[in-house]
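Visitor: According to TrEMBL, the protein has these features:
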- Lys6, Glu7, Asp8, Val9, Arg10, Arg136, Met137, Gly138, Lys139, Gly140, Gly141, Gly142, Tyr143, Tyr144: ATP binding site (BINDING)
- Leu52, Glu57: substrate binding site (BINDING)
Amino acid sequence: MSAESKEDVRARLKARRRKMAGLASSTASRLSAAAAPLLESLPEKSSVACYLSAGTEPDTSDLLAALDAAGHTVLVPVCEPERQLSWCPWTPATELAPGLFPGIPEPVGPRLGAEEVLDLDLLLIPALAVDASGTRMGKGGGYYDRFLAQFRAGGGSAPAVAVVHDHEFLPEGGLPADPLDAPVDGVLTPAGFTPVRGTGVYT
């Protein structure tokens, strides 16, 4: 790729997302359908972490409902101070309230730290883009990179799958990376699920 800096790439991706205002909600049913083969591979009554979509993120509402309907335990993220993530059980009846960041809803209920969710079976996490080598670019807060590092260090082995729009899944080498970036094991878009080669999880 070009010598474009990581922050320049992130700014460009954010600008493109802003142009999608009003369109992201149309991805809900397609994203859920695309995830079906991935979810069918889960054991019964699995524990799955998945984000509550907001703004122009791929819409996870149907996906969350499908996970709950299948009998899986669903955990959704809560942003804590010092750029830490905790996790809260979610069902369609869970009360939501404004979170740390405007426009991002968070569940009301007990919160679990990284050390308490090591038995997760699957992580579905947001991203601005991801490339075919598993390099993920988030919004810049580092919440998910920190969580994944803590999760792996604690013995968590669940695969991490980045969820992006179709055009945000880039060829290998399409994103700059640094040592603090936690790679992902797969990519889910409304067009389908793609394993990342070389991680040994799905390939």
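Cβ from N, Cα, C; glycine included.
Could you place these features in context, so I can see how deep they sit and what lies close by?
Guide: Within its own chain, Gly141 (ATP binding site) has Cys79, Arg83 as residues 6 or more apart in sequence whose C-beta sits under 8 angstroms from its own. In the three-state DSSP reading, Gly141 (ATP binding site) counts as coil.
DSSP assigns Glu57 (substrate binding site) to coil in the three-state reduction, placing it in neither a helix nor a strand.
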Visitor: Of all the binding-site residues given, Lys6, Arg10, which residue's CB has the most CB neighbours within 10 A?
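Guide: The residue with the densest Cβ neighbourhood is Arg10.
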Visitor: Expressed to the nearest Å, what is the distance separating Arg10 (ATP binding site) and Leu52 (substrate binding site) at their Cα atoms?
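Guide: Answer for this pair: 21 Å between alpha carbons.
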Visitor: When DSSP is mapped onto helix/strand/coil, what comes out for Lys6 (ATP binding site)?
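Guide: It is helical.
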